[in-house]
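> Provided herewith is a single structure, encoded as structure tokens, for subsequent inquiry.
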Amino acid sequence: DNKGLNKAVTAIFFVGVMFGAAFFGGMSDRFGRKPMLLVSCISGMAFALASIFSSSFIMFAVLRFFSGFTITGIAMVSVVLNVEWVDIKHRRLVCIIDSMAWAVGSTSLSLIAFCIRDWRWLTVAVTSPLLLSTVLWWWVPESARWLIANGKAEKAHYYLHKCAVMNCKEEVISKIKPEALSIIVTDGGKKNYSYLDLVRTPKMRRLALLTGTIWFCVATMTYGISLNITGFGLNMYLTQFVYGAIEIPSKLMVYYLLEKIGRRKTEAGAQLLAGISLMINIFIPKDQWVGRTVVAVLGKGFAGAAFCTIVLYSSELYPTVLRQNGMGYNSFLGRLGVSVAPLVLLLDSFWGHLSQTILCSVALIASLVAWQLPETQDRCLPETIEDVEGTGHTPTTDIPESSQMSEKS
């Protein structure tokens with residue numbers, strides 16, 4: 001009974017994450033990245049800590065739903081802020097650092113859980129870093145790109161000036177006036193964008209379909225592998241540790257490949273290798289759990305590489321005025337894939353290899369879909385829908401590249 005309730009609570013948590021992704025995506029594009037980051041930190045911490053005082057299962061389940069709903073904004077908003085604040089040269093670096101932090105945290109979770117067996121104190125331990133995040137929020141700048149796209153040139157100039165001073169590049173920002181920044185955007189400050197704008201125009205519609213498919217497939221495959229390895233002979237704590245640890249070298253591999261072969265080939269290749277790993281496991285006898293575990297861990301590493309790549313790739317493909325909406329939509333479909341993964345594993349009751357066959361097929365489909373996306377390596381971020389559709393005339397070349405202000409002297 002307890003196992004069934006645990007699975008139910010996990011499902012409820014991820015449903016919250018799924019709807020939270022849609023909520024924070026839209027709100028961040030409307031009200032800004034920084035305010036919603038604070039809302040996510042404070043509310044996520046509050047609901048998580050409140051759950052330890054639950055007096056019934058229903059109360060606990062409700063609080064876990066809102067914990068997932070609110071916490072998801074942290075990851076989404078921080079990724080977009082990173083991408084929007086750095087220049088072309090350093091986008092892959094900040095993405096890998098962000099993803100590496102996730103891998104280190106996932107690995108550390110197994111050690112913390114091994115040392116703290118009481119779930120209430122474990123919740124306190126894993127939630128407490130949000131207090132530090134809330135303090136650090138005061139030093140996080142609002143996205144200058146979002147401010148410019150929404151007609152807030154004066155405030156954008158303020159943050160750009162702070163960035164230039166911090167990096168000893170005051171001579172660069174001194175050449176740019178707020179009036180020059182306001183010329184960059186056509187109608188961004190006059191319109192409130194919504195999720196419907198993701199499908200109003202042909203290329204945006206195609207982009208949403210392709211990236212959404214990849215996010216769903218990557219999430220289904222990744223969590224399908226994660227949830228299945230317990231049958232390969234590893235205990236819960238070792239499983240968590242190994243799955244977190246394998247992502248560290250996989251992210252380092254991604255950092256190298258993004259520069260050498262670009263986003264599209266890295267994403268398609270990682271998906272293909274993950275699919276091959278799943279295919280190999282179909283033919284390894286179930287009594288050879290060591291071999292199956294090694295292949296599964298390698299598959300998890302390739303899946304982690306695919307996830308890391310698609311997060312950066314998606315954020316570069318969507319225009320500034322819709323970037324957070326786009327990431328919210330993709331994250332929603334990703335969490336839908338997470339919810340589907342346990343159901344896929346249940347299909348093994350019909351045929352022992354059915355779940356692995358489905359996960360393998362999903363990975364191969366995602367690999368094929370990734371080839372349909374345009375390459376974004378060494379390209380400027382699109383600012384408006386018109387830029388994506390090829391009808392934009394944003395004079396971004398008149399503004400110095402952000403690397404002139406973001407590189408340290």
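Heads up, the Cβ atoms here are built off N, Cα and C, so glycines get one too.
For 1-378, the entry in TrEMBL reads domain 'Major facilitator superfamily (MFS) profile'. Annotation comment: TrEMBL describes 6-25, 37-59, 65-86, 93-113, 119-140, 207-225, 237-256, 290-315, 353-371 as transmembrane segment. Sequence annotations record features per position, and here TrEMBL assigns region 'Disordered' to 386-409. Residues annotated as compositional bias 'Polar residues' in TrEMBL: 393-409.
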> Relative to the transmembrane segment (65-86), which of 6-25, 119-140, 207-225 accounts for the most Cβ pairs at distances under 8 Å?
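Of the candidates 6-25, 119-140, 207-225, 6-25 scores highest.
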> Other than its close neighbours in sequence, what residues sit by the transmembrane segment (207-225), given a CB gap under 8 Å and a spacing of at least six beyond its ends?
198-199, 267, 271, 274-275, 278, 296, 299-300, 303-304, 306-307, 310, 313-314, 317-318, 326, 329-331, 333-338, 340-342, 344-345, 355, 358-359, 362-363, 365-366, 369-370, 372-373, 388
> Mean pLDDT over the domain 'Major facilitator superfamily (MFS) profile' (1-378): what is the value?
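Across the domain 'Major facilitator superfamily (MFS) profile' (1-378), the average pLDDT comes out at 85.
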> Short question: which residues 6 or more past the ends of the transmembrane segment (37-59) have a Cβ under 8 Å from it?
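Contacts with the transmembrane segment (37-59): 5, 24, 27, 66-67, 69-74, 77-78, 81, 119-120, 123-124, 127, 130-131, 133-134, 137, 140.
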> Same-chain Cβ contacts of the transmembrane segment (119-140) under 8 Å, 6 or more residues past its ends?
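Beyond its ends, the transmembrane segment (119-140) has Cβ neighbours at 34, 37-38, 41-42, 44-45, 48-49, 51-52, 74, 81, 109, 112-113.
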> Would you kindly list the residues that approach the transmembrane segment (6-25) from elsewhere in its chain, counting only those six or more residues past its ends and only Cβ-Cβ distances under 8 Å?
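Same-chain contacts beyond the flanks: 36, 40, 60-61, 64-73, 76-77, 195, 324-329, 331-332, 334-336, 338-339, 342.
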